[in-house]
Amino acid sequence: MEREVRVRFAPSPTGPLHIGGVRTALYNYLFARKMGGKMLLRIEDTDQNRFVPGAEQYIAESLKWCGIELDESPWSETPGPHAPYRQSERKPMYMEYAMQLINSGHAYYAFDTPEELDAMRARLTAAKVPNPQYNSITRTQMRNSLTLPEDEVKQLLDSGSPYVIRLKVPRKEEVRFNDMIRGWVVVHSSSIDDKVLMKSDGMPTYHLANIVDDHLMEITHVIRGEEWLPSAPLHVLLYRYFGWEDTMPQFAHLPLLLKPDGTGKLSKRDGDRLGFPVFPLEWHGTDVETGQPTVSSGYRESGYLPDAFINFLAFLGWNPGSQQEIFSMPELIEAFSIERVSKSPARFDQNKVRWYNEHYLRAKPDTELAQFLLAALQEHNIACSAEKAVQIVGAMKERVTFPQDFWREAQYFFIAPESYDEQVISKKWNAATASALLEFAQELPAHSDTTPEGIKTLLTMVLERQGVKIGQVLQALRVVVTGVAAGPDLMAIMSILGAQETAQRITTAVERLASKISA
Ligand code: GLU
């Protein structure tokens with residue numbers, strides 16, 4: 001019988017979600033929706049030492065912002081069929097599974113103290129063993145239930161001596177599995193160590209908890225980052241020893257995310273250095289060295305739109321096999337397939353994510369964009385009609401990357417310039433320009449047509465009369481009206497400002513700049 005597709009995103013709440021983690025969540029989500037299956041989230045918090053307060057909340061908020069919906073999670077209003085979805089709350093059940101492996105001879109108790117483990121490693125290092133491990137060879141010389149007499153083991157357990165439970169990895173066996181992205185992966189068991197399954201604090205390790213939960217939660221596909229590929233053979237062994245091979249999930253290990261220059265794994269430091277966020281939302285943390293509070297920027301706060309971020313992220317390691325680059329979430333779901341996920345690492349491109357943001361911003365109706373500007377104006381206590389805001393964003397939208405750019409770039413619509421771009425003035429300001437513009441300013445308020453076209457007609461007429469070419473004055477006119485050398489269509493700016501205000505600004509500038517005209 002075909003099983004229902006069930007995938008999971010299984011973050012550990014050890015800090016903010018890295019962009020790579022969000023990509024893992026996204027691919028799981030796209031796959032689940034595409035296959036008509038379920039997407040669940042499980043919090044893997046068995047390592048209490050690495051627990052960071054606020055991280056779980058952060059993960060929840062991030063996924064929500066991205067539009068990644070969960071069918072089952074610790075935050076669902078109705079508990080899912082496999083609740084609880086936080087491993088710390090599932091703690092009592094893991095021991096039972098570890099015992100199952102002990103009883104079938106696939107796991108054993110190990111009583112070695114930290115000092116004994118250190119001594120073993122030192123001995124092996126001295127003997128020039130390249131990678132000292134607790135494994136099928138070394139375990140024969142350690143204090144565990146394989147080497148100690150049965151009654152001593154019993155006595156140690158009864159007396160409450162600290163112990164861990166380790167997996168008994170066979171010495172010579174081939175472990176193989178077919179990764180959906182990488183094809184057959186074959187590993188020799190001699191390269192796998194006897195991993196701890198239960199820690200001395202009674203908590204399972206990631207490996208045990210992850211496999212038990214994936215099995216109990218009926219996971220059919222494990223889609224996760226490449227950094228987990230080395231753990232997969234161990235996981236395959238666990239499925240085998242539990243007798244769960246028939247329902248073992250299919251693995252898909254996603255490609256690495258590289259720095260923009262392709263020289264290594266993308267890190268938060270690269271983001272800080274090159275000025276782009278690596279986290280979906282702003283993260284308030286603590287500097288490990290100084291203990292001081294730190295803030296790391298997030299895509300949301302930097303002004304990225306979730307649609308743009310998701311579209312960009314989908315392409316980091318996947319492509320639709322066509323030229324199409326713009327995909328809404330439903331379109332991504334429709335187009336997504338694991339077969340088209342690449343094996344080779346994906347390089348992060350900060351220009352591309354900006355490009356996507358510009359695209360999605362421009363695609364929004366002006367009335368919606370106007371809200372960004374109106375909100376900023378309100379913060380600055382500047383009154384503006386909705387109609388005027390719509391006109392301004394309409395004129396500006398081809399020039400902005402982020403919503404906050406509307407206010408930053410459009411301030412001159414509300415505040416007359418105090419100073420003028422020096423370079424343009426020193427090159428373009430002269431007696432002929434000043435006189436032509438002054439005449440234009442004098443005639444403008446009485447001019448009936450103040451549409452951009454109407455203003456242009458008047459300007460052309462005045463300039464013709466004065467014998468000045470439009471190309472000679474246009475830049476100077478822009479600078480005296482706005483203060484700056486670049487911006488959207490100047491006729492549109494003057495039309496939005498209105499005849500009075502435009503004329504006023506020109507007259508003021510002509511007075512202020514009188515001294516700049518060389519004799
Ligand atoms: N808890 C692991 C993590 O933090 C999950 C790895 C997996 O998906 O198996 O990424």
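Including glycine, each Cβ sits where the backbone N, Cα and C put it.
Matching 11-21, 44-54, 77-87 against TrEMBL, the residues noted as motif ''HIGH' region' span 11-21.
In TrEMBL, the motif ''KMSKS' region' annotation falls on 265-269 of the listed ranges 245-249, 265-269, 445-449. The secondary structure of LYS268 (ATP binding site), as reduced to three states from DSSP, is helical.
Residues 41, 43-45, 47, 50-52, 55-56, 58-59, 62, 206, 225, 256-257, 266, 268, 277-281, 283, 285, 296, 298, 313, 316, 348 of the same chain sit 6 or more residues outside the motif ''HIGH' region' (11-21) yet have a Cβ under 8 Å from a Cβ within it. Of all Cβ atoms in the protein chains displayed, 16 besides its own lie within 10 Å of the Cβ of LYS268 (ATP binding site).
Over the domain 'Glutamyl/glutaminyl-tRNA synthetase class Ib catalytic' (4-274) the predicted model carries a mean pLDDT of 96.
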